[in-house]
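These notes are about the structure you will find just below.
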Amino acid sequence: MSWGTELWVLKQVVYLSYITRNLEDQFDSLDKHTQWGIDFLERYAKFVKERIEIEQNYAKQLRNLVKKYCPKRSSKDEEPRFTSCIAFFNILNELNDYAGQREVVAEEMAHRVYGELMRYAHDLKTERKMHLQEGRKAQQYLDMCWKQMDNSKKKFERECREAEKAQQSYERLDNDTNATKADVEKAKQQLNLRTHMADENKNEYAAQLQNFNGEQHKHFYVVIPQIYKQLQEMDERRTIKLSECYRGFADSERKVIPIISKCLEGMILAAKSVDERRDSQMVVDSFKSGFEPPGDFPFEDYSQHIYRTISDGTISASKQEIGKVDAKTTVGKAKGKLWLFGKKPKGPALEDFSHLPPEQRRKKLQQRIDELNRELQKESDQKEALNKMKDVYEKNPQMGDPGSLQPKLAETMNNIDRLRMEIHKNEAWLSEVEGKTGGRGDRRHSSDINHLVTQGRESPEGSYTDDANQEVRGPPQQHGHHSEFDDEFEDDDPLPAIGHCKAIYPFDGHNEGTLAMKEGEVLYIIEEDKGDGWTRARRQNGEEGYVPTSYIDVTLEKNSKGS
């Protein structure tokens with residue numbers, strides 16, 4: 001089926017004016033139809049554009065929703081640990097991925113559908129304009145040929161009438177006896193002239209008519225059908241393009257369906273990962289205090305004074321007073337432990353976490369020790385790398401100056417010393433919480449130490465106090481100053497030396513409880529390293545303190561000389 005043959009069937013039409021009018025009507029109809037097709041194409045492109053905006057706004061709103069409900073964590077302590085919280089945040093992550101897929105849909109539609117439609121609409125307008133211009137030019141050319149043929153026809157008709165008049169005039173003069181011979185001869189010449197001009201116009205009219213008939217046949221059977229066919233092909237391509245865009249519109253979303261399904265499956269897996277027993281155990285671990293339940297309150301017998309006699313009055317009074325003192329002591333200790341179930345003491349957080357219950361304090365200290373150990377390992381690795389680089393520079397001076405590494409090496413050594421002291425300090429507090437010996441005074445190997453230290457440490461105001469059962473009872477003694485590294489006691493005799501050491505590296509010993517030393521200095525060993533990286537040493541002048549074990553070369557002796 002072709003527009004060029006089906007839309008133009010006028011074999012029975014006779015009048016040219018009607019033919020031309022019918023042709024123009026058909027041409028205008030096709031003009032309107034092709035314009036409607038382009039308008040429909042642009043309307044669908046506008047629909048796709050609005051759909052793209054909806055997808056983009058939807059994805060943006062989803063991302064804002066995820067951002068709104070995501071945790072704003074300032075420290076690791078605030079990270080969610082409960083399975084229900086972790087599942088919710090996993091759902092938020094999946095929803096964020098889902099929003100990303102909606103953005104992919106929008107981008108695919110914008111590139112594959114909307115952009116293609118706009119480019120094709122521009123090309124379609126250009127092609128349609130060209131075909132319509134060709135049709136109008138063909139019609140204008142046919143109209144020009146018809147006008148030329150019509151003018152030659154009219155001129156031939158006019159010359160024929162003039163020749164007929166000249167014929168009548170000649171016959172009238174020829175039959176008139178009064179007419180002169182000159183008049184007759186003049187009328188005959190005029191007749192011959194008009195007859196000749198009529199013959200010429202006849203030939204011209206015949207030629208113009210033949211030309212017009214040929215152009216008309218070409219116009220109606222070749223040119224116009226070809227233009228109509230091109231318009232038909234253009235319109236069919238527009239329809240095919242719409243069909244492709246319809247499929248692309250659906251494929252843009254169908255491509256992301258597998259990924260969206262994975263996002264939804266991730267949400268389902270997150271929901272299945274919720275474990276109520278694990279959450280309950282986390283609650284126990286988070287709020288476990290480590291306190292022992294309070295003991296029974298003693299019975300206070302206020303009726304003893306009624307039945308006391310003169311003979312046992314003193315003893316009864318003593319027993320009553322003792323009972324009252326013990327009761328108050330017990331109540332005081334019970335109150336000191338019951339703060340967890342009421343209001344916590346107000347006050348700033350302490351460095352040793354002594355403001356926390358024992359179990360929570362132990363966990364915090366252990367976390368800090370782990371972090372410090374990781375930092376110490378990094379510094380140690382950096383020190384090893386600097387030493388290797390220094391050796392390379394010393395062997396190959398052209399590669400660098402070994403002295404340029406000394407400031408960085410000294411800084412690394414100071415960081416290692418600081419971290420080791422921090423680890424030692426926190427391990428002492430951890431040992432205190434776990435019921436182990438916190439100070440270094442109990443590590444002494446002297447057999448004549450008469451002073452015993454308590455396993456707990458004095459708690460700051462507002463913190464809990466260690467239980468009385470954890471204390472080591474001993475004879476009365478003076479309380480020494482509790483430093484970060486050791487409980488110093490005023491011993492009667494100094495500790496004996498168990499060996500000697502030589503300093504490999506210099507140590508400044510700025511912190512309390514440490515002993516400064518120079519490279520190559522020889523010191524006495526009075527207490528070896530217990531696994532914390534520190535060794536207790538003494539100078540010949542009697543000054544004692546702790547030095548880093550990695551900074552010295554230790555030689556232990558069975559029978560070593562004391563100070």
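The backbone N, Cα and C atoms fix where each Cβ goes, glycine too.
Curation does not apply to TrEMBL; its annotations are automatic.
Features of the protein shown, as given by TrEMBL:
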{"type": "DOMAIN", "residues": "1-279", "note": "domain 'F-BAR'"}
{"type": "DOMAIN", "residues": "355-432", "note": "domain 'REM-1'"}
{"type": "REGION", "residues": "434-494", "note": "region 'Disordered'"}
{"type": "COMPBIAS", "residues": "434-448", "note": "compositional bias 'Basic and acidic residues'"}
{"type": "COMPBIAS", "residues": "485-494", "note": "compositional bias 'Acidic residues'"}
{"type": "DOMAIN", "residues": "496-557", "note": "domain 'SH3'"}
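Helix, strand and coil counts under DSSP for the domain 'REM-1' (355-432) come to 72 helix, 0 strand, 6 coil. Taken residue by residue, the domain 'SH3' (496-557) breaks down under DSSP into 3 helix, 29 strand, 30 coil.
When pLDDT values are averaged over the domain 'F-BAR' (1-279), the model yields 87.
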